[in-house]
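S.K.: Shown below is the structure under consideration.
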Amino acid sequence: MGVSGSKGQKLFVSVLQRLLSERGLHVKESSAIEFYQFLIKVSPWFPEEGGLNLQDWKRVGREMKRYAAEHGTDSIPKQAYPIWLQLREILTEQSDLVLLSAEAKSVTEEELEEGLTGLLSTSSQEKTYGTRGTAYAEIDTEVDKLSEHIYDEPYEEKEKADKNEEKDHVRKIKKVVQRKENSEGKRKEKDSKAFLATDWNDDDLSPEDWDDLEEQAAHYHDDDELILPVKRKVVKKKPQALRRKPLPPVGFAGAMAEAREKGDLTFTFPVVFMGESDEDDTPVWEPLPLKTLKELQSAVRTMGPSAPYTLQVVDMVASQWLTPSDWHQTARATLSPGDYVLWRTEYEEKSKEMVQKAAGKRKGKVSLDMLLGTGQFLSPSSQIKLSKDVLKDVTTNAVLAWRAIPPPGVKKTVLAGLKQGNEESYETFISRLEEAVYRMMPRGEGSDILIKQLAWENANSLCQDLIRPIRKTGTIQDYIRACLDASPAVVQGMAYAAAMRGQKYSTFVKQTYGGGKGGQGAEGPVCFSCGKTGHIRKDCKDEKGSKRAPPGLCPRCKKGYHWKSECKSKFDKDGNPLPPLETNAENSKNLVKGQSPSPAQKGDGVKGSGLNPEAPPFTIHDLPRGTPGSAGLDLSSQKDLILSLEDGVSLVPTLVKGTLPEGTTGLIIGRSSNYKKGLEVLPGVIDSDFQGEIKVMVKAAKNAVIIHKGERIAQLLLLPYLKLPNPVIKEERGSEGFGSTSHVHWVQEISDSRPMLHIYLNGRRFLGLLDTGADKTCIAGRDWPANWPIHQTESSLQGLGMACGVARSSQPLRWQHEDKSGIIHPFVIPTLPFTLWGRDIMKDIKVRLMTDSPDDSQDL
């Protein structure tokens, strides 16, 4: 506005009260000052650069909206938005101040406001104006003041200025005074007529008039602050009726105008209270802006009734006082017929519940007719008289009913029909399930129990098999972690295998994951000869299936077509002597019992794979099974590998060659335990006529991992399922799962940061540094729990420095990291900045110092 400081504040407050009082609205001075201070905080440019025009005022509104989004709506004064909206309507209707700015573009805003304020404040205090006396003197004085600021030339040049320009300024100010005097009312009617009787359109003033103006200007002094005169407060006086421009009798606005003239208040909203309490408040009707209705209808049509933006518009509408009839009219005008019926039903239910809850309270009674707008409150005119508390309840029920409208295209079905898709991730299914449950009932213990039950019952068959071991003891978070292995790649591979076998997806999953004992699925037992279901091998009538396929080239001697178990050669095709054939493991069908040897028990060869390390390459018949009921044959790595995230997909050799059994196809899938440890196996298909080496595609899923030579990393499924007399590693599987695959280790790369590791001590989690130079584990004093007993030791710890006053745990502590655990007696050092994990723990965790060359690796 061109004026800052206390003078600018008083000017703004005066103008604000004056403009609003002309519309019949009263604003306290304290509220106006609070709004001005908030305006400076939101738009600091406004006092110096802004003006009361529609463009700048809309910019202020946008900045108020951003301020509310950043600091919350509670940080905005309660009168800020109503004042801004009223001024926007005034500026839209081309208020007097806007017209003044448009007419006097050559005069700066600061000069015109100061001149206008001084003129109005002085003229309002005068009792009589005279036809050519006081008014002309005041105008001439203001012209002289403005001329002193407008012209920067010396006094002599001012005398030579064009008189026509001065006359233009006089004519502009006269027009402003004329409009201001017209708004003073009956109190100055007589003086206004005399003042307006002057011929303002006369371009040339007579010499007598100019003499009168100069004489009055000599006695004119305005030493007071620039405060526009405002109407005095009238205690308990009903505000004047709102002065509105006549609406054109066309369209929706014309229909509303005609209805108001005839006394029809069907669409009378919102209700505006003019005071601060229910006793003094006199409800006044104001129409809801048509732009708001159009915005709400557009949001419902384009984004749906339950979209976040639509709900924001509904909240904006709910910020006003709307009666039940208003809400019904708004919902009927913006919602589709079906959604309106849903909204009305929910609104009635919410209202009945609220009346029942309020029945036992001693406060003002709230009847169902008040909330629904029925009975004696059926007419809109009677609903206007409802108290604020009742209107708040009406708005609350209306908004809750609106939020209960489902999104477009979503049918309200029972929760039992909300099932997980075959290719849908489990966490996405849980998200949909929680959204549906929370729409029906509030969050609480009951909803959590229902979600957990449906999370098991409505999951797909693969996730149900993964959740089954922890169904009763686990939580929803445990279910999600268990189903992380059910990645889309695994599901896609399983679906492809089921399609090749000609089975349903659910049936194939049950057979693959042990849905029936001995390979018996939902369709009955599976024949190990022909691969079909419904009968066993001894009852198989397929003659082709009863005959054993002819053997290929012997993998032992490479010079005959016979089975390896029947090979009697002592030399291979190159004349090299062959080791004696292990008849107890090859010729007999007895299983190899016991666990696979640990890395410490075996040096070279294939560790823990069940394969003979002295006779590579291997065939399909040499691959072992984990247990007799295992569906897949184990594929093992034949070299040491270190995988990082940067390596991408790598090929792991298995040294398995040869064709698959006739009529079968191989599917390579990963093991669930490996994925938990950070190793991801990509599925692959092996054709029946493939004769090369089978390799496994792997990559690091989370961080760097180590694969030792001989570790089982994948499984080979023969489709259709064929039970071959392969060796078995373990007689019974028992309850083992997700951790039976060994030797895929935790790895941390050495970087600029310290190698830190989380370890549990007596169930408490500690973060410490891997210190290969520490013989014993040392716990920092700040990490040690106060209730754990310790005792002082007479010895001191010495390394690069020396630590005195060392304590030690009075009781042994059990440590645990992943599937490894042990007992330690750690030291407690008060001055230690962080915990140090010593070699007493690292050797049991199997921490290894490795490089890209496995020969340079060293175990701790």
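Just so you know, glycine gets a Cβ as well, placed from its N, Cα and C.
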S.K.: In Swiss-Prot, which of the ranges 102-119, 552-569, 678-695, 840-857 has the zinc finger annotation?
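M.R.: Of the candidate stretches, Swiss-Prot labels 552-569 as zinc finger.
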S.K.: Under an 8 Å Cβ to Cβ limit, what residues of the same chain, 6 or more beyond the ends of the motif 'PTAP/PSAP motif' (305-308), are close to it?
M.R.: 299, 335, 339, 402-403, 405-408
S.K.: Can you count helix, strand and coil residues in the motif 'PTAP/PSAP motif' (305-308) using DSSP?
M.R.: 1 helix, 0 strand, 3 coil
S.K.: Other than its own, how many Cβ atoms are within 10 Å of the Cβ belonging to Asp771 (active site, protease)?
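M.R.: Its Cβ has 19 other Cβ atoms within 10 Å.
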S.K.: What counts of helix, strand and coil residues does DSSP assign across the zinc finger (552-569)?
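M.R.: Counts, helix then strand then coil: 3 helix, 2 strand, 13 coil.
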